[in-house]
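A.B. asks: TrEMBL feature annotations, pasted as is:
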- B:52-126: domain 'Cation-transporting P-type ATPase N-terminal' (DOMAIN)
- B:24-44: region 'Disordered' (REGION)
- B:107-128: transmembrane segment (TRANSMEM)
- B:140-159: transmembrane segment (TRANSMEM)
- B:301-325: transmembrane segment (TRANSMEM)
- B:331-354: transmembrane segment (TRANSMEM)
- B:786-806: transmembrane segment (TRANSMEM)
- B:812-834: transmembrane segment (TRANSMEM)
- B:859-882: transmembrane segment (TRANSMEM)
- B:926-945: transmembrane segment (TRANSMEM)
- B:965-984: transmembrane segment (TRANSMEM)
- B:996-1012: transmembrane segment (TRANSMEM)
Amino acid sequence: MVASGSHARENKHEEKVQDPDRGEDEIKAEMGSKTWADLAGEMKMFLWNPEERTCLGRTAKSWGLILLFYFIFYTCLAGMFAFCMYVMLLTLSPYTPTYRDRVSPPGVMIRPYLNGFTIAFNVSQPSTWQPYVDSMHHFLAAYDDKVQEEKNIECVSGQYFIQGGNESEEKKACQFKRSLLQNCSGIEDPSFGYSTGQPCILLKMNRKGNESDLRSVDFYPGNGTFDLMYYPYYGKMTHVNYTSPLVAMHFTDVKKNYLVHIQCSLNGKGIINNINSDRFLGRIIFTLSIGK
Amino acid sequence: MVKKKSDVYSIEIYGTKDLEKTEMGEEEKYKDLKGNKKKKKTEDLKKELELDDHKLSTSELEEKYGTSINKGLSSARAAEILARDGPNSLTPPKATPEIVKFLKQMVGGFSILLWIGAVFSWISFGIQFAQGAESPFDNLYLGVVLALVVILTGIFAYYQEAKSTNIMASFSKMIPQQALVIRDAEKKELPADQLVVGDIVEIKGGDRIPADIRLIFTQGCKVDNSSLTGESEPQSRSCDFTHDNPLETRNIAFYSTTCVEGTATGIVINTGDRTIIGRIASLASGVGNEKTPIAIEIEHFVYLVAGVAVSIGVLFFIISVSMRYKILDSIIFLIGIIVANVPEGLLATVTVSLSLTAKRMAKKNCLVKNLEAVETLGSTSIICSDKTGTLTQNRMTVAHLWFDNQIYSADTSEDQTTQPFDQSSPSWTALSKIVTLCNRAEFRPGQENLPIMKRVVVGDASETALLKFAEVILGDVMNIRARNKKVAEIPFNSTNKFQLSIHETDDPNDKRFLLVMKGAPERILERCSTIMINGKEEPLDNEKAEAFQTAYMELGGMGERVLGFCHLYLPENEFPDTYPFDTDSMNFPTSNLCFVGLLSMIDPPRSTVPDAVSKCRSAGIKVIMVTGDHPITAKAIAKSVGIISATSETVEDIAKRLNIPVEQVNRREATAAVVNGMELKDMSLQQLDDILCNHSEIVFARTSPQQKLIIVEGCQRQGAVVAVTGDGVNDSPALKKADIGIAMGIAGSDAAKNAADMVLLDDNFASIVTGVEEGRLIFDNLKKTIAYTLTKNIAELCPFLIYIIASIPMPIGTITILFIDLGTDIIPSVALAYEKAESDIMNRRPRNKRKDRLVNEQLAVYSYLQIGIMQSVGAFVTYFTVYAEQGFLPSTLLGVRVDWENNAINDFEDSYGQEWTKYQRMYLQWTGYTAFFVSITIQQVADLIIRKTRRNSIFQQGLFRNKVVWVGIFSQIGIALILTYGLGHVTALNFTPLRFQYWFVAVPFAILIWVYDEVRKLFIRRYPGSWWDKNMYY
């Protein structure tokens, strides 16, 4: 017992003198000429060598040191990362992004949106169009006349609603009442025409920061425009209650049981709607498919 | 005292016994191996024994081969035999077919991983295409790109290989040899490869023997069998059957040996591969080619990196599957991880670095046949060197003189123009006259402008040496001979062992004839009654004879060939002007002559060799001399070049000094050993191992070519990397067996060059040392290159891992990674091959091939876990900066992957409430790729600078000394600029023009890398052997 104890101690002493990676290297070097059983044995020895009390070729002390080193090393590195990020974030304005070149000109989206650009339902089966109706109601909840009156102000139509003053001041938002959408407001017809096969589609222009050269936009079909008074957008931080203006399209007469492709394009200065690579820039293409 | 000594002795014996016991098992294994090999060899030799042509009479031979000595074969019969036996030439070793070499490049190394990546890409393309996904072609293209990468790097590596092999191809072109043959009763000059068994050939001095020939007529024929036996002493040949062993008998001349003088006619008995030399050469092709150390290292490194790639890939495949990613997505991640982890350009870089070194070595007269051999020389720990021609000048030169009871040393350097020893004594005048006159060698005419040492001489080696020696001291020897007209001459023959000539003197008043004689000293002395001391003839008494003996022994002990010189002025009255000298009846005195002096000759060492040997020694390389020469000569040369150092003794030396029998000497005390081939024959492998192990300075003398192979194997059993030099066909098995075989470019035979990995163009041992230096340097520099290349793999890998775990938008694309690996990084990593050594690499021991790996744990860990992580952090700072300044704060980015990549979501809201279409997001993502790419490039500049050294500070090494590194840095930045701004609008490449300031975001991290590495190196230098040194030095 005593002898074995001293033996172990001796080995430990030796271990200190030797290169700690010796064992592993030897194993690797000899791998070629060994049988699988030998290899397994060596692998086991490498994982835990009871004689030298090494795991993966290192003793507990050696592991402690190396882990401590990496702990300190990575802590310092994390500190440096955090510091760099902090300094970088300091240079950012909370109100407007530093660059907006990637997000202009604006894109267009439609509502209802479930998971694609094909709106397909059967009039006779409410379960097929109910999700669209729910989506519309959910989306338009923020446009309720009451909510809008409470939070937002009435603006002068046809011109930009420019709000000067301090950047950090909270900005007012213009009212866009749900009732403006008339037949598509869901007030009179809670099914937005879906129950009759005359679906309403809402057209929404992507918000983007502080862009003030947008002119009134014509809309096809009919007279839908995005009124200038809803612009500019002052950002999420200060323009809290901002609601994007909408244009509704009421498809009162759609060929049934047929895929109807519809392309809506925004027209106006600063709007680009003919780039092949981005099919949602200034335009949107969607498909209606209404069954009986 | 004596008793104590024996105590020590017995303990040591005990020690070895212990050792023997433990190694018993292995020893038996070896014996077995050896036994098998021996069986094979004896089988080969059996054929040799079947040869009995030397015992047959001429008529029996005529009958056996169906030929006639006078008429030879008929042309028709010869053509028949030629068709049956094939041409009389050695079959060159089978070369690997080019297509196999090419395919090897296609699947070797990392190629397999990349092929897997490509196949996965195509599979996922197939699935996506079948599902009708929006952009399946991305994966198709990725697969194609990966396949292209493999094919292009494969073609490149193949081209590099082929280029270096082509240099050799030009080398092996032989000048067609001609042979004089009797056929159809006519003498014909035929190309030697047309010879067939039964042909009658005539050879004369200077010819190479065109096949194995049984001699039927000879006249003073001598052959140089050195290419067969290694012994350079010419052997005479006659028609007589003198020995049972065909190798020893005098009436057979062997293929590829040379006829030195005389003429002979013989019957061809063996041609081509069936000749003795042919059998030895085919032995070489049976010896397996060892894998080069660097190939093993690269394999090890490939396994390591591939292991890391596959395990991380599989780990994250499992993670992503368990995170409910789709299987298809997980496979795509897997491809990304593999591509990020594999340094695609590295193997090509290694090849280029090696070929750069090969080119540099070729300039220093080391022509490398196999690129990998470039490094092998660097890890060499034992050099088994030939003596003749490699260590020595390969020409006899007068080294010492003895006259007036005194030994004088002569200059033996390669380009001597004068001789410094004292030439005032009248004895010297007499001696010089004998040297000049008693000599049949002559300069070929028309060489008056050449330095004396370079002139071509007709005559044997000793006479050439004497002629040149005389020419250097006396000037125009031919003129002196003309003035002292020769009236009679007896040429040297082996029974007389002397050479004699009688001359008129050039003194018009002296009508006496001068008889001059030279020969074996003891024979000359026997014929003398007087000896010349200071110009006066004195009687040769015992004391003087003793002095002669001492001098003779001393010169002989230096391994030199000693000749004695004597003369006699024939009395005028007995030998008048008209006296008819007759050499047959010897009607003149040949005894009671006057002894004048001794001259000794040696093939002196090349002047550069002693320095080269001492360099080898300080570089920890053991130089072993293996020669067919006599042990004494071998030992003398070994001593003069430092293979046996001045202070060390052999067992025999100790025995002589202590005056005890050899058996009583403690063998461990002798550091040097001279082993005779005959002793070696009777040794067991264990004994040979003992010698190789326990003596640091070893000379093997009188060894046969087969023994050379055994010696090489013995060295390899010690775990040594062995370099072998050789020139003869007989050396080819050893050359092939060696880790690096070095053939002589000038003296070497084609078979030797074929078997070797390297050719020394100047046959100079010193060139090997420069090769060693280059080899070690390239090993160090490859370490640097690999460390440099591996680092950025982590910076390429981390984005994938974080993308999978944190679901942020993809920071870097697969194509972008390939642009780093095969674009910006290539020139810088090659540039590191030009880095100068950090310290004197010739002052450290050769690397231990088990422990000093090319890529060790420290290198991988330091590159991956420290510098690599720093780079990743720096690149991520840039990435987050780009996104934040465009409206996506870091907090917004976490977990957005699914929506971000959803093609249908075209109003994705950022931190400022702005809404992004899919394409706008993609474009931003590519900007992120570009920013990440630029950051890695910038940090790789810092990485390149820190990799210039492993231990020294960059400022010690000199920041600007290696100009190529700067070419690398500029190319790196230049390529990045072109990709970003030049190709930024090609959407398929996923690069976008980048705001200028983003180039500088990672600069603090680049500086951090540099500073951190300087600190690392500082600690390594400050605290050698410390924990830091062990864990941080790679």
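Residue numbers in this text run from 1 along the chain shown.
Glycine residues also receive a Cβ, built from the backbone N, Cα and C atoms like all the rest.
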A.B. asks: Over the span of the domain 'Cation-transporting P-type ATPase N-terminal' (B:52-126), how high is the average pLDDT in this prediction?
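C.D. replies: Taking every residue in the domain 'Cation-transporting P-type ATPase N-terminal' (B:52-126) and averaging pLDDT yields 84.
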A.B. asks: Honestly, do the transmembrane segment (B:786-806) and the transmembrane segment (B:301-325) touch, with at least three Cβ pairs under 8 Å and pairs 6 or more apart in sequence?
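C.D. replies: Yes; at least 3 Cβ pairs under 8 Å.
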A.B. asks: For the transmembrane segment (B:331-354), find every same-chain residue at least 6 residues outside the stretch whose CB is under 8 Å from a CB in it, and list them.
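C.D. replies: Beyond its ends, the transmembrane segment (B:331-354) has Cβ neighbours at 109-110, 113-114, 116-117, 120-121, 123-124, 139, 142, 146, 149, 153, 156-157, 160-161, 294, 298, 302, 305-306, 308-310, 312-314, 316-317, 320, 325, 371-372, 374-375, 778, 781-782, 785-786, 789-790, 793, 796-797, 799-801, 803-804, 814, 817-818, 821-822, 825-826, 829-830, 832-833.
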A.B. asks: Cβ pairs under 8 Å only, please: of the recorded stretches B:140-159, B:301-325, B:965-984, B:996-1012, which one is richest in them relative to the transmembrane segment (B:926-945)?
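C.D. replies: Between the candidates B:140-159, B:301-325, B:965-984, B:996-1012, the best contact partner of the transmembrane segment (B:926-945) is B:996-1012.
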A.B. asks: Pairs of Cβ atoms less than 8 Å apart decide it: which stretch in B:140-159, B:859-882, B:965-984 has the most with the transmembrane segment (B:996-1012)?
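C.D. replies: It is B:859-882, which has the most Cβ pairs under 8 Å.
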A.B. asks: Against which stretches of its own chain does the transmembrane segment (B:859-882) lie, if we need a Cβ under 8 Å and a gap of at least six residues from its ends?
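C.D. replies: Answer is 304, 308, 783, 786-787, 790-795, 798-799, 802, 811-812, 890, 893, 924, 927-928, 931-932, 934-936, 939-940, 943, 946, 998, 1001-1002, 1004-1006, 1008-1009, 1012-1013, 1031-1032, 1034.
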A.B. asks: Sequence-remote contacts (6 or more beyond its ends) of the transmembrane segment (B:140-159), Cβ cut-off under 8 Å?
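C.D. replies: Hits for the transmembrane segment (B:140-159): 101-102, 105-106, 111, 114-115, 117-122, 125, 335, 339, 344-345, 347-348, 351, 814-815, 818, 822, 988.
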A.B. asks: Excluding the flanking five residues on each side, which residues at least 6 beyond the ends of the transmembrane segment (B:965-984) place their CB within less than 8 Å of a CB in that stretch?
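C.D. replies: Residues packing against the transmembrane segment (B:965-984) from afar: 819, 823-825, 827-832, 834-835, 930, 933-934, 937, 940-941, 944-945, 948, 991-994.
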A.B. asks: Based on DSSP, tally up the residues of the domain 'Cation-transporting P-type ATPase N-terminal' (B:52-126) by helix, strand and coil.
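C.D. replies: Output for the domain 'Cation-transporting P-type ATPase N-terminal' (B:52-126) reads 48 helix, 1 strand, 26 coil.
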